[in-house]
Amino acid sequence: MSIVQSDALTFECETGNYHTFCPISCVSWLYQKIEDSFFLVIGTKTCGYFLQNAMGVMIFAEPRYAMAELEEGDISAKLNDYGELRRLCLQIKKDRNPSVIFWIGTCTTEIIKMDLEGIAPKLEAEIRVPIVVARANGLDYAFTQGEDTVLAAMAQRCPSHHYIENTNPHVPLVLFGSLPDPVVTQLVMELKKQGIIVSGWLPSKRYTELPVIQEGYYVAGVNPFLSRTATTLMRRRKTKLIGAPFPIGPDGTRAWIEKICSVFSIKPEGLAEREKDIWDSLEDYIALIRGKSVFFMGDNLLEVSLARFLTRCGMTVYEIGIPYMDKRYQAAELALLKSTCDDMNVMMPTIVEKPDNYNQLDRIRDLKPDLVITGMAHANPLEARGINTKWSVEFTFAQIHGFTNARDILELVTRPLRRNLSLSELGWDIYSKQG
């Protein structure tokens, strides 16, 4: 295990293994976000079973994704990859007529060295439908990094010329990260109140409406797991990244807006009052967790942002387990975490990259946190040991960005604690961790 000290934050790295939800699950929210798309996941039966269970979409609902199941002939190279993928894509074009087809590579395509990037341009030219290749294998990527690889591939497809004149009063700003439409509207309106116009969003609702990206444009991310997309936008598209904390919680949202305003030399107005009003409205939830402790085992790369928000709510964060940490992309978030700990006068949590779950269980046994935020695999065993847990995957699918959605975060965090209080009040102490 390696340990790195950085500005009073302690970074550790343990096993080098990923203990996370599979990154191909990004299909579940991206196919809904990009309305004219079709996602083709190229993998084995295991991938198919996972998608069926993770998404829970009935087959007669005709979702805009499918599984290209690799068979013995594919793995032994007896079948022609181009011919098989051509047959599937022509069928997709005939049945669904999408504006774009995404090929999602898996662990198996990585192991057998299937040349998806080489096949895609030839097939795209033949069938006249854009084919975007993204690797989302669990060997190299953690849970939410599946979205990162898709957006990084899409960033290279964004147009570079305007068909209408840009009338923005400032250098265009493009935001990146997949969020539900109501949250997108909220964040766009918050920036508009400060006089900042959002020129585009990656991903857009339709592939045919991808934002124009030119050299010198500003870009800002809304999620902490999009480091590859940020790198692609800076290096390939020559944009300027606004390094801001992420708009998760009232404190993060205010800091995100203030940082963007500072880049455009705009003095933000009303943010302090807006943040205070939100905190006041959350007091009924905060009272339940103030003074309690939380331990993050690590799963979705949202851990640092959530830990910072919960620290501001009065919780003590013992450890932040995280599958992968890009310290440059998350520099502003880490700085805000440090200043939050200083303001709240609490200890700095240890950040453990690629944590060893066995070691974590030992630390949980010693520390006895009031709540453990963990992947689904460990929730039931921890509950059996009398430890309150919350699935980290729920934070991925919930609306947690912006000022008004902070209540949803606390709704999730406090649910196990409220459940125990309710059981105790009913006299069912045998089922309660309070008893």
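Going from the start of the chain as shown, residues are counted 1 onward.
Cβ from N, Cα, C; glycine included.
Within 10 Å of the C-beta of CYS107 ([4Fe-4S] cluster binding site) we count 20 further C-beta atoms, all protein chains included. What Swiss-Prot records for CYS22, CYS47, CYS107 is [4Fe-4S] cluster binding site.
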Completion exercise
Other than CYS22, CYS47, CYS107, the chain contributes near [4Fe-4S] cluster (Cβ within 8 Å of their centroid) the residues PRO23, ILE24, GLY43, THR44, THR46, PHE50, THR106, THR108, ALA136, ASN137, GLY138
Fill in the blank from the handout: Same-chain residues at least 6 positions away from CYS47 ([4Fe-4S] cluster binding site) with a Cβ under 8 Å from its Cβ, in sequence order, are CYS22, ILE24, VAL41, MET67, THR106, THR108
Practice task
Specify the count of other C-beta atoms within 10 Å of the C-beta of CYS22 ([4Fe-4S] cluster binding site).
Solution key: 22
Practice task
Tell me whether CYS22 ([4Fe-4S] cluster binding site) sits in a helix, a strand or coil according to DSSP.
Solution key: coil
